[in-house]
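Colleague: Annotations per TrEMBL:
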type     : residues                                                                                                    : note
ACT_SITE : His268                                                                                                      : active site, proton acceptor
BINDING  : Pro90, Val91, Ala92, Ser119, Gln139, Lys244, Ser266, Asp299, Ser300, Gly301, Val302, Arg303, Gly322, Arg323 : FMN binding site
BINDING  : Tyr141, Thr167, Arg176, His268, Arg271                                                                      : glyoxylate binding site
COMPBIAS : 375-392                                                                                                     : compositional bias 'Low complexity'
DOMAIN   : 11-373                                                                                                      : domain 'FMN hydroxy acid dehydrogenase'
REGION   : 375-409                                                                                                     : region 'Disordered'
Amino acid sequence: MSCEDPAPGGAAADTLMTLADVERAAAAVLPAGVRDFVAGGSGGERTLAANREAFDRVFVRPRVLRDVSRCAAGADLLGRPARMPVAVAPVAYQALVHPDGELAAARAARAAGVPFTVSTLSTVPVEEITALGGRVWFQLYWLREPGRALELARRAEDAGCEALMLTVDVPWMGRRLRDVRNEFALPERVRAAHLDGGGPSAAHRRAAGASAVAVHTGQEFSSALTWSQVAELRAMTRLPLLLKGVLAAEDAVRAAEFGVDAVVVSNHGGRQLDGALPSVEALPEIAEAVGGSCQVLLDSGVRSGTDVLRALALGASGVLVGRPPVWGLAAAGEAGVRRVLDLLAAELSDALGLAGCATVADARRLRTVRLGAPARAAGPAGSAGAAVPGRPDGSGARADAGRSETGGP
């Protein structure tokens, strides 16, 4: 079914005290199909759930008797200063949740002093977003038609984007059962500005027993992306280049060898391979393996400033947030996105001081303890694992006891 427009109105941004509040406010105004499109994961949503469960197992050892009277959350992201070690992740089709779409989100990011990443599937052309000012990165899917991906990369560079982010974990879209069951299709007013000439596509045509968006991206995205294309893109541009969707240390090391400036440790928010490692579990090994040869950013599961602190302590240079700004956009437009970013900044500043850190660099020297083992998916009939209700395939997972400690001088 084609989705309906979001309900007008929403919460006053200053009444939202946590990112969970923002998500609830967004859920109250979004049609069910749109809400599922944004919130859902792939398969049984094990990885989607595990992203949060993994963060909740990470604890830091605060340091005391340190002067934190002037905490500074500023950070270096790709060689330029940011108000905090946070960037807005690329999210497709933001006009689904608010008529101003990416324009409102980009204005909020500019005001908050953090980079905004434009998706290949943005509903607003990249030129209109860079015209707003602020720091703009461009996310690139490698497209089937020869030369089109490089043309789009050049377009983003010509528009004034300061970095290119190649997504490498989407040979095709993961099977997102909520969208399949909803037979989700885009409304006519929501179009990919960088594809199909901004016109209607297969994403707008209901497909029985399928997601129309998945059908469309299957037609557009290449499943033949390899390191050869990374080299081609690296040779084409002098802009900083990020690879998004890296979970293996071997791939991160190779990315650095190819001249990539940053890797984004990501499982696509639990929307690609269900059963992929939670991003925060993959982070320490990757950070250690690259050893400073490129920046390491993290996304998937960040829901508070304390999560940002945890990611820093585990070796990240910064994080990307995807769903929370979209929830903010749905709940209160530009003010809602700004509220999300301001909450993260305030929570991070608080967490830094309470952990005995005057700077982001101090946070990267904290020791961490991980309690419990990664969630273990239920196996064949008769295997261990208690079911958790509410996942699309009805399955569940459980965590086994364990403990590990990392980081620190």
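Note: Cβ is positioned from N, Cα and C throughout, glycine not excepted.
A TrEMBL annotation is a machine prediction, not a hand-curated record.
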Colleague: Whole number in angstrom, please: the longest C-alpha to C-alpha distance across Tyr141, Thr167, Arg176, His268, Arg271 for glyoxylate.
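Modeller: Max span of the glyoxylate binding residues, Cα based, is 19 Å.
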Colleague: For Ala92 (FMN binding site), list the number of other Cβ atoms lying within 10 Å of its Cβ atom.
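Modeller: Other Cβ atoms within 10 Å of Ala92 (FMN binding site): 22.
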Colleague: Which entry in the list of binding-site residues, Pro90, Gly322, has its Cβ near the fewest other Cβ atoms, using 10 Å as the limit?
Modeller: Gly322
Colleague: Should Gln139 (FMN binding site) be counted as helix, strand, or coil on the basis of DSSP?
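Modeller: In the DSSP reduction, Gln139 (FMN binding site) maps to strand.
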Colleague: Please find, for Pro90, Val91, Ala92, Ser119, Gln139, Lys244, Ser266, Asp299, Ser300, Gly301, Val302, Arg303, Gly322, Arg323 as listed binding FMN, the greatest distance between any two Cα atoms, in Å.
Modeller: 22
Colleague: Given the binding-site residues Gln139, Thr167, Ser266, which one is most crowded in terms of C-beta atoms within 10 angstroms?
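Modeller: It comes out as Ser266.
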Colleague: Please work out the number of neighbouring Cβ atoms within 10 Å of the Cβ of Val302 (FMN binding site), leaving out its own Cβ.
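Modeller: Counting Cβ neighbours of Val302 (FMN binding site) within 10 Å gives 29.
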Colleague: Any idea what DSSP makes of Thr167 (glyoxylate binding site), helix, strand or coil?
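Modeller: DSSP assigns Thr167 (glyoxylate binding site) to strand.
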Colleague: Non-local Cβ contacts of Arg176 (glyoxylate binding site) (under 8 Å, 6 or more apart, same chain)?
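Modeller: Listed in sequence order: Gly40, Gly41, Ser42, Ser211, Ala214, Arg271.
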Colleague: What does DSSP say about the residue listed as 'active site, proton acceptor': helix, strand or coil?
Modeller: helix
Colleague: Return only the integer: C-alpha distance in Å from Pro90 (FMN binding site) to the residue listed as 'active site, proton acceptor'.
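Modeller: Given the Cα positions, Pro90 (FMN binding site) is 10 Å from the residue listed as 'active site, proton acceptor'.
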Colleague: Compute the average pLDDT of the predicted model within the domain 'FMN hydroxy acid dehydrogenase' (11-373).
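Modeller: The predicted confidence over the domain 'FMN hydroxy acid dehydrogenase' (11-373), as a mean pLDDT, is 98.
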Colleague: How many other Cβ atoms are found within 10 Å of the Cβ atom of Ser300 (FMN binding site), counting all protein chains shown?
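Modeller: Its Cβ has 32 other Cβ atoms within 10 Å.
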Colleague: Let's check the environment of Tyr141 (glyoxylate binding site): how many other CB atoms sit within 10 Å of its CB?
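Modeller: Its Cβ shell of radius 10 Å holds 24 other Cβ atoms.
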Colleague: Would you count the other CB atoms within 10 A of the CB of Arg271 (glyoxylate binding site), including those on all shown protein chains?
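Modeller: Other Cβ atoms found within 10 Å: 24.
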